[in-house]
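> I grabbed these lines from TrEMBL:
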type     : residues : note
ACT_SITE : K66      : active site, charge relay system
ACT_SITE : S141     : active site, charge relay system
ACT_SITE : S165     : active site, acyl-ester intermediate
DOMAIN   : 19-448   : domain 'Amidase'
Amino acid sequence: MLAHELRAQVARKALSPKEVAQAYLERIAKLDPGIGAYLTLNERLLEEAEALDPALPLAGLMVAVKDNIVTKGLRTTAGSRLLQDFIPPYEATAVARLKARGALVLGKTNLDEFGMGSSTEHSAFFPTKNPFDPTRVPGGSSGGSAAAVAADLAPLALGSDTGGSVRQPAAFSGVYGLKPTYGRVSRFGLIAYASSLDQIGPLARSVRDLALLMDAMAGLDSLDATSLDLPPRFQQALEEPLPPLRLGVVREGLSGNTPGVERALEEALRVFEGLGLRVKEVSWPALPLALNAYYILAPAEASSNLARYDGTLYGARVASEDLEEMVGRTRALFGLEVKRRILMGTFVLASGYYEAYYARAQAFRRRLKAEAKALFQEADLLLLPTAPHPAFPLGSRPDPLALYREDLYTVGANLTGLPALSFPAGFEGALPVGLQLLAPWGEDERLLQVAHRFEEATARAHLKTPLGETL
Ligand code: GLN
């Protein structure tokens, strides 16, 4: 069952929240050893389900939460040995809002350490496998959340997206994933990677399910000064008729897609035309360079954000009589990829290099934004692939630069702050292919509205549940 269907069953008392919880826990016990979506399960889930008021709007819904989003009293590791025993004394706003409406946290999902990666192979604990093919990655960094939803080990999940980490795993795992406009969902309680790019976003197996989560968690939060006062109206938007819309297809400089991705794009264009959208080719000249700017700015912010893990206040400490040695040994607990990012970030911020790298990347970011603004005079929405190919085999990207190139299509939305949605749009062999819609700043609802029409027009043909459903 999709999350909104489950909710309807619970509302009419055909199922109790406890029965839903039990069904998911049993299935996780059976299937998750082969997938590795979860790092920690909520051991109080059954108690919480029993105590729940079934009249609450999200009662009966269970959410898998990426393990870089803090959950009060429930271990939160960020996929790192630095935080492997961290039990947060507070709750992320996104989680608090879902819980206040009756949703429960099923467990915490695997990720690349601190969100750094595109395959979930950089988790300090173990890699997660793709439910469509266990020899392949589920994408990353929110790979645990995407795999959990794809295998129906959770009806809903939260991820975080700094450079594509909700959308690319959603595409690789055949589910929907939204990176909201920067600021629409509070970042309070999201363990910082690159603060000017980070956003929490939902993953689910239908557009309506994304809308349920967004309506519950988006909106102004006094605990996050960058949060926006844009009241969410996602479910309502799904009921409204589509106005005439121009859909811009971005192709320029973006070659190298596999035939399955090209086919999905062509087929989607026909469906969108059938829905009355006017399709046109548009040009976003700076986009192919966005990756270069991203891999300067994100590590720069990360090097600053991760400086706090020095053994004195937060997380793990490797004891030593000597302070410098204590800090050094503690920071040695970071994984290889995180160390690489800290080194890159520290380098581009160093006084002799700041102007050459960081300042230029910031200037480029302004240009990318200006171009996007101009583009949205010509088109109301943009369409491009989420990734140039479907899920790749585990262990097949040993070169860090090859992994960075995975993010070519996704980092643009983060650098500009624009909302972007990945939706299932076909298959290449047995593997799902995702496409991505981008909308102007603050128009997240429009993305869901159009993707919902696509979902209906294709009769959910692109949604598969390779391992069947829990309920
Ligand atoms: N793959 C990108 C990175 O490694 C994006 C990660 C993310 O969005 N958290 O930085």
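Keep in mind that glycine also has a Cβ here, set from the backbone N, Cα and C atoms.
Because TrEMBL annotations are produced automatically, they should be read as predictions rather than curated entries.
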> What three-state secondary structure does DSSP assign to S165 (active site, acyl-ester intermediate)?
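The three-state answer is coil.
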> Using a 10 Å radius around its CB, how many other CB atoms surround S141 (active site, charge relay system)?
34
> Under a three-state reduction of DSSP output, how is K66 (active site, charge relay system) classified: helix, strand, or coil?
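Where K66 (active site, charge relay system) sits, the three-state DSSP reduction gives strand.
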> Between K66 (active site, charge relay system) and S141 (active site, charge relay system), what C-alpha distance do you get in Å?
9
> By a simple count, how many Cβ atoms lie within 10 Å of the Cβ of K66 (active site, charge relay system), its own Cβ left out?
33
> Near S165 (active site, acyl-ester intermediate), which residues of its own chain have a C-beta under 8 A away, given they sit six or more steps off in sequence?
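The answer is L111, D112, G115, S118, G140, S141, S142, G159.
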> Can you tell me which of these active-site residues sit near ligand 1, meaning the Cβ is under 6 Å from at least one of its atoms: K66, S141, S165?
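Going through K66, S141, S165 in sequence order, those close to ligand 1 turn out to be S141, S165.
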> Any idea what DSSP makes of S141 (active site, charge relay system), helix, strand or coil?
coil
